[in-house]
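Here the structure comes first, spelled out in structure tokens, and everything after it is commentary.
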Amino acid sequence: MPLFLSTFVNKVDRKGRVSVPATFRAALVGNGGAGEGNLWAGVVLYRSPLLPAIVGADLGYMERHSAAVDEMDFNNDPQQALAAAILADSRQLGFDPEGRILLPAELLAHANITEQVAFVGRGKTFQLWEPGALEAHNTKAMALVRETMTKGGAA
């Protein structure tokens, strides 16, 4: 299972292509899901339902998500909406020979990404942000962490 750490900012070219950070590519290659030995080299991306960001994962992560959806109550509208927001919205993108992916226009628009994109490690997944929006988000997050810790919460 891959582990995505750190933050990298890369340029988006006029065609919407961006180089995936080398450490992220290394974590993604060979984690194609569908059992051992699958050497698909690429990433799955979908619009975050809660943030102005794109979520990235390997196929194995998406297979586990799909299995969880299969166990959901089909009469539960919020669960079905979540399944649609993630699985139906996902884009499976392969790497080109230079390690780039072509970001679909609807994903770029969702995250307001134009010239640069920040790849943000989140453990089992990662996020793609417009760098200015990420900075604003991180400022709010750090303020919340400080407030929580000041009140005796764990960090």
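Even glycines carry a Cβ here, placed using N, Cα and C.
TrEMBL entries are annotated by machine, without manual review.
Look at TrEMBL and you will find 7-61 (among others) tagged as domain 'SpoVT-AbrB'.
Remote same-chain residues near the domain 'SpoVT-AbrB' (90-133) are listed as 1-12, 15-22, 24-25, 40-48, 51-57, 59, 61-62 (criterion: CB distance under 8 Å, separation of at least six residues from the stretch ends). Per TrEMBL, the feature domain 'SpoVT-AbrB' maps to 90-133 (among others).
Residues belonging to the domain 'SpoVT-AbrB' (90-133) score a mean pLDDT of 97 in the model.
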